[in-house]
């Protein structure tokens with residue numbers, strides 16, 4: 001193939017099951033991605049969520065389709081159909097945080113967005129011009145880390161303990177997926193790719209896809225929960241207090257279940 005990266009299945013099981021599909025299992029594992037994207041798009045439509053959520057889920061759908069094309073053809077264009085939407089999806093996660101953090105609000109948001117976009121554009125330009133795959137993986141990892149840290153700080157101020165647990169679960173999912181990805185890469189570069197589908201290491205890349213997918217779904221859920229908490233606090237008047245910053249932070253950390261339920265009701269009633 002003409003892509004920048006070769007996976008172990010493409011070494012040991014190339015066109016093993018079909019002359020039309022180069023990597024069968026890496027291809028069909030993306031069906032889960034399509035299902036998750038469908039769920040996210042349906043949720044965004046039913047609850048009339050901000051456009052950023054629909055955009056992120058649409059990018060996830062594009063990632064699933066692009067990844068299927070990439071693993072089926074191992075072509076450069078298939079790889080771009082996979083990786084470009086990944087970067088756009090990471091941007092979508094950042095967009096979802098608009099208004100939930102001091103760096104994603106007001107004029108600061110415009111500055112952060114400009115710098116963020118410029119850095120990603122430079123990384124992509126370098127990747128396309130020089131063909132350095134590590135540039136893509138590094139820039140995408142940085143995109144995920146920036147969004148994750150901003151969402152963590154937003155949850156620390158406005159989320160509940162359950163939201164914090166959800167955030168850590170999301171983080172653990174992508175860490176596990178990244179570890180699986182790294183092990184698969186190590187097996188490829190050392191010439192020890194598994195030769196049988198009965199070996200657990202054969203399923204590292206599909207497992208990486210599943211864990212990273214879980215991270216994406218949880219990340220959007222965490223952001224949505226944070227937005228509900230912020231909206232609930234505004235409705236309850238907590239954010240109108242002119243008292244000290246410490247007291248304001250304390251009040252924002254523990255919104256009552258009644259406030260959350262009220263905001264959920266308001267969102268659902270809009271759809272009705």
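Glycine is treated like the rest: Cβ placed from N, Cα and C.
Record features, source TrEMBL:
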BINDING   7, 9, 23  Ca(2+) binding site
TRANSMEM  20-41  transmembrane segment
BINDING   71  Zn(2+) binding site
TRANSMEM  108-129  transmembrane segment
TRANSMEM  135-152  transmembrane segment
TRANSMEM  164-183  transmembrane segment
Around the recorded Ca(2+) site (7, 9, 23), other residues with Cβ within 8 Å of the Cβ centre, ordered by sequence, are 6, 8, 10, 11, 13, 14, 22, 25, 26, 71, 205
Residues from the same chain, set at least six apart from the ends of the transmembrane segment (20-41), whose C-beta lies under 8 A from its own: 1, 7, 9-10, 13-14, 53-54, 56-58, 60-61, 63-65, 67-68, 71-74, 197, 202-203, 205-206, 209-210, 213, 216-217, 220
Including all protein chains displayed, how many Cβ atoms other than that of residue 23 (Ca(2+) binding site) lie within 10 Å of its Cβ? 28
Can you name the far-off residues of the same chain, 6+ from the ends of the transmembrane segment (108-129), with a Cβ under 8 Å from a Cβ of it? 87, 91, 94, 98-99, 102, 135-136, 138-139, 142-143, 146
Report, as numbers and ranges, which residues of the same chain sit near the transmembrane segment (135-152): CB under 8 Å and 6 or more residues beyond its ends. 83, 86-87, 90-91, 93-94, 97, 100-101, 103-104, 116, 119-120, 123-124, 126-127, 167, 170-171, 174, 178, 219, 222-223, 226
Counting across all protein chains shown, how many other Cβ atoms sit within 10 Å of the Cβ of residue 71 (Zn(2+) binding site)? 29
